[in-house]
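Undergrad: Sharing a structure below in structure tokens format, with a few things to ask.
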Amino acid sequence: MEGASETAEGRTWNRQTTQEVTDLFNDRIRRSLDDLAAVTGEAEDVRREEDFARGTACLTFQDVSFSLRSKLRQQEPKRSISFRTISGDGTKQILAPISGHYEPGNLVALMGPSGSGKTTILDILAGKKAPTKGTVHVNGRPRDYLWNRIAAYVPQDDSMFAHLTVEEVMRFHADLKMARPSRVTPAMARKQMEKTLQVFGLSEVRSSFVGDPALGARGISGGQRRRLSVARTIACGARIMFCDEPTSGLSATDAEQLMRYMRLLSHKYSVLIITSIHQPRREVARLFDELILLTSNPGRAVYQGPLDRLTGFMAEVIGHPIPVQVNPTDFCMDLITPGTKSARDQDFIKYYDEKQQEIINARVEEELWKERQTTIEILQAVREPMRVFGELPPLRHSKYGVSFWQQLKVVAYRQIRLRRRDKMHFLGDLIGAVAKAVIFILAFYEIGKKEAPLQSGYFFFVLMACSIDQVKTMPKVISERTIMKMETSEALYSEWAYIIPFTIMSLAQAIITHAVFMALMWPFLSYPASLFKYVWFWSLMVNIVMDSLYLMLSGIAKDATAAQVMSLPFLIIFMLYNGFTVTSVTCPKWLLWAIKISPVAYAMQAITVAASEICVPDGPSCGQDGLFPAIVAHFGYNLRPREVQTREALMVMCIISLLFRAIHVVSLKFLNNIRR
Ligand SMILES: Nc1ncnc2c1ncn2[C@@H]1O[C@H](COP(=O)(O)OP(=O)(O)OP(=O)(O)O)[C@@H](O)[C@H]1O
């Protein structure tokens, strides 16, 4: 198919039979694997596939730097601070200005000692972190809203849902990033995914759960998680990829296989891949085309250029020829790591500042003026060869690869699956509801036959139990949030596609478990059935409002401990000013607002008033002592007509709940972003 006219071929191919399309597709898959076997790191080891190497993107960055406001200045004596890292205005330089230009079809290694700013520069180039100064351009233009459609990022930590299989993780990403041509059947897509899994050595574990050692959920190994993290990103078909230490935790053989595939990808399809890596062995190092060497204190570039020129550079410029039997990257790292016995970082810096920087700056200036494809043109070009396999949906002018409905469908389906799989989550809730019901039955058995004041105590404790019921969900919601943040920062889906199904499902779960609690407990209380709807409804309302509170805090807080601490003032106000222990009669006037916003107070009032009407001396067993009217008066529940009270209670509870949920949405969108 190489070299043919795209439109002519496109028309011809579209007239092909389904069998021919399938054969073509399978042939491509097979050839990819054959090509991988040929990757050696020699020049021309990989042949560029012209048809599928369209839509190319180069990356240019100019004087990119990153600094932080430093607290060290106030804490440490001035002499102990390196003059190079803390400037006069108290900022700490993490990354000194660096410029560069990288062409498509290159595999670029980013190396440097720990803390030299490799992650920082990757984050800046990938658009995860704003630089303090400097600009990043793609094809000579600032990155636009379509950036995440052509770029992908593999972070250092592999945050994934424990209860998804390897295959499902892969499919989730592909379904949200790639539009599938009409004649590519699910079976064909699966075959392609299997190829990727095979390349990454994951075929054997394709049906295994990812797992999470922190949660005690068994799953694939750490190295397999790392490979999956890279594989799912690669499967998204990005034109520029950033990988933060993709080989960490991998065996030498696995690391080599991974980097060989990256070389294949970059050379065959003209993808630009920039990856940080810690001292690769010789066989891996030779797979890279370009090298960016950084040193630390502060992080700064000391060499930028082709990797195969490193040996000459070391001998001629630095005056340290690389011994034949020594790994060149190990040798370099020893020299550029400040503070070591063999450190020659100052020689590197001197040469870089005096000679190399000027050449790089001139190149960057020149490249920025060249006319290249816009992002939308890149996306159009990438689609063209795909027409071989059928029609594609219209190109979306959006940062997301698929429509909102498709995002919603894929994300909701995953959430349903996770809830179904994470049996302990739902079952735990159900068991909790049953246990709570048993405790209440033991404590309040036939409470309906007892004195009215004791019955008020029962109402109060039901509401208390419903108030703190959902507090346990916060740690889980926060850990899910981290994954969601990671995924939305990659523009896999919008926050709404996560929030809508999440809200519906957590609400449904709360309603079901609350109903179980109430239904189990009620028959043992000797209350008339007519009171059930009031106790059930108002305690459910309290449950829902408090659930919104915990969700809001889970969106705002940095971690679960912070969320629990932040919940205390709310719990004190809502649960102390509850119209029972503190009533509108006993409360100081200036604190009446606390009762006015407490959902527990409204629910307590509504249930007691309903009980006073149902539980009368001549009526059902409850309230035979005739004390309910006195209790209603004592707590000041009779100050306004019941309809007004009900309307006000519903309004306040709905407003508070909506307010909390709105803050939850805003915080999910804007707070706790990944690496900003
Ligand atoms: N937001 C931040 N707040 C505080 N310190 C930061 C921040 N970002 C970066 N740093 C500091 O900047 C330095 C460089 O960090 P970075 O993670 O980029 O280094 P690295 O080369 O990737 O390190 P490693 O190889 O250990 O992953 C480190 O000392 C780090 O603590």
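Here the Cβ of each residue, glycine as well, is placed from N, Cα and C on the backbone.
Where the annotation comes from TrEMBL, it is an automatic prediction and has not been curated.
The shown structure was predicted, so the numbers you read here are calculated from the model rather than taken from an experiment.
From TrEMBL, for reference:
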{"type": "DOMAIN", "residues": "59-321", "note": "domain 'ABC transporter'"}
{"type": "TRANSMEM", "residues": "426-445", "note": "transmembrane segment"}
{"type": "TRANSMEM", "residues": "496-522", "note": "transmembrane segment"}
{"type": "TRANSMEM", "residues": "534-553", "note": "transmembrane segment"}
{"type": "TRANSMEM", "residues": "565-585", "note": "transmembrane segment"}
{"type": "TRANSMEM", "residues": "649-671", "note": "transmembrane segment"}
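A description of the local structural setting of each listed feature is requested, covering burial, neighbours and distances.
TA: When pLDDT values are averaged over the domain 'ABC transporter' (59-321), the model yields 87.
Remote same-chain partners of the transmembrane segment (565-585), defined as residues 6 or more beyond its termini with a Cβ less than 8 Å from a stretch Cβ, comprise 456, 459-460, 463-464, 467-468, 471, 474, 546, 549-550, 553, 556-557, 591-592, 594-595, 597-602, 604-605, 634-637, 639.
Long-range neighbours of the transmembrane segment (649-671) within the same chain, counting only residues 6 or more positions beyond its ends whose Cβ lies under 8 Å from a Cβ of the stretch, are 481, 484-485, 495, 498-499, 503, 538, 541-542, 544-545, 548-549, 551-552, 554-556, 596-597, 599, 602-603, 605-606.
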Undergrad: Counting only residues 6+ away from its ends, which parts of the chain sit with a Cβ under 8 Å from the transmembrane segment (496-522)?
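TA: Contacts with the transmembrane segment (496-522): 404, 407-408, 410-412, 415-416, 419, 426, 429-430, 432-434, 436-438, 440-441, 466, 469-470, 473, 480, 484, 488, 532, 535-536, 539-540, 543-544, 547, 551, 661, 664-665, 668.
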